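A.B. asks: Can you read through this structure? Questions will come right after.
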Amino acid sequence: PLPPCSAPPAASQLPLPHIFPIPKLGAGQPVAPQRGEHQRRATGTSFPRAQAQRAAGLQAAVASCSAALLPPRGARRPVAIQRGCAINSSARAPMEYISTRGGVGAVDFEGALFSGYAPDGGLFMPRCIPTLDRDTLQRWSRLSYRELVKELCSLFITAELIPRDTLNDLIDRAFSRFRHKDVVHLSRLKDGLNVLELWHGVTYAFKDLSLSCTGQFLQYFLEKKQKHVTILVGTSGDTGSSAIESVRGQKNMDIFVLLPKGLCTQIQELQMTTVIENNVHVFAAPGNSDEIDEPIKELFADVDFVRKYDLMSLNSVNWSRIMVQIAHHFYAYFQCAPSLDTTPLPVVEIVVPTGAGGNITAGCIAQKMGLPIRLVAVVNSNDIIHRIVQHGDLSVSESVKATLASAMDIQEPYNIERIFWLLSGSDSHLTKMLMEQFSVSKSLKLPEDLHRKLSKTLQSCSASDEDIVRAMQRCWENNRYLLCPHSAVAAHYHYSQLDSTPRCCLASASAAKFQDAVLRAGLAVQLPPDITTLTSMETRSIPLEPGQDWAQVLRERIKAVAQRWETRGGQSAPQRQGEVTRQGVTRT
């Protein structure tokens, strides 16, 4: 059995962030691109003997690396190692991005932005992660959240690609639709509970922050080059609506969103299906969030298709989203650190509700940049992240469990690949072997050294639905403050601790989006007008059926939309009759 949410060490005993080496492409034989082998369903799959043999071979290869994650001194390898780059260095190299699997060359920010997975199946990461000195941290501590985002993005986007004044304007434009004047807000509650509200955007979810900026970056490049892209997104609830809002109505972007029918809340689903724009295409699939990811992976594995139709992703595989989310951790630290005048700087614990792992990955990068934070990944009953941290066990369960924190009902947290890459000393060879084995067998035991580094970097906690309800109730009774079920997972961890460590819980969504969970806790929520009107609006979605080849359906629809866009000279065509539904009934 997994241990409960155990008390962490005292703040004075917490380790400062590890300094992980960052790779630079150099001499050595590059790893050849290889198309991933993806199954249509994540669970209950029977693998042919050849796949079983390949899985066994990969397991043996991984085992051989467990004694030492890095090769002996002087050994040849696909990448060379480069230490973190200081931001004040006059010799600072242009920012480049490389794949976690080492099989493709470096790209600039624009190249990483317009990608989903890297062509070799990996995820893009900066070749050099900037390190911040104490003076920079003290100066940044006086900045607003908006200004922090600008400073961080300027480190990862060269002025040659987006001039600094233009970058500032794009970020201001991205946050112009947020309801709170400060964009985000920290609520200081009783019992030492600090809640950073990241949900004041259009869809009441934290993903509005990164996706609104990413949408502006995309539009900037597309307008310069008069180019069209096809965006493909899978969602467990919040990503789809945030992605749609970031690009709706844009003539040079078409977005295709797959949602798990019946597994989102009604409000989450309506926030997607009520957007009647010609460039928005929503598909309702009878499967969970991991299952709808499979056809998306299949399409991105087809390099020729990706290039022909300029396919890209706005899921957190996209580096731009990770980049913006780094600001959450800096702002949380500066708001909750007791003082920046002590030596060493105080440690603040950041508690992160975790699904696909994008936000916790951003925290690991913030650590690498020199921010003295201790990270806690909190999950619901779909506890694969908890099992990885506690036991090094990366294996899917028999099925995804439907929980009150539905946006975290995920068994394949794809951003864990980025964390493996960081903690293994940027070892692309090991990362590739680990992820390919997991792709085939859906089960993996981490090498001991990698697991040891992971457990030093992260703590973890799993919360049941009962834990979520109790945390919501306690927070309301003590503060008259209503948490969403995902934020309540973080509060559950906080309430389980008996120490006085400075701590900040990231609140990922408004409780208004999760009425069922609120009612389950015996509470009530007053819905904002823009949410109450959703039930009376026209809806539009395209149903997918069990047994259908979902990847092929997507291929055909993407081809048709691209053809109509070209023939209309860059204008998206209206949706065909028969694809529109009103409150779930197909219009004919």
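Cβ coordinates come from backbone N, Cα and C, glycine included.
Given the structure is predicted, the values throughout are model-derived calculations rather than measurements.
Annotated compositional bias 'Polar residues' per TrEMBL: 569-588, in sequence order. For 96-175, the entry in TrEMBL reads domain 'Threonine synthase N-terminal'. Feature annotation from TrEMBL assigns domain 'Tryptophan synthase beta chain-like PALP' to 199-492. Under the heading N6-(pyridoxal phosphate)lysine, TrEMBL lists Lys207. Residues annotated as region 'Disordered' in TrEMBL: 25-49, 566-588.
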A.B. asks: The residue listed as 'N6-(pyridoxal phosphate)lysine' has how many other Cβ neighbours within 10 Å of its own Cβ?
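C.D. replies: A 10 Å sphere around the Cβ of the residue listed as 'N6-(pyridoxal phosphate)lysine' contains 32 other Cβ atoms.
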A.B. asks: For the domain 'Threonine synthase N-terminal' (96-175), give the DSSP counts of helix residues, strand residues and coil residues.
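C.D. replies: Helix (H, G, I), strand (E, B), coil: 36 helix, 9 strand, 35 coil.
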A.B. asks: Summarise the model's confidence over the domain 'Threonine synthase N-terminal' (96-175) as a mean pLDDT value.
C.D. replies: 95
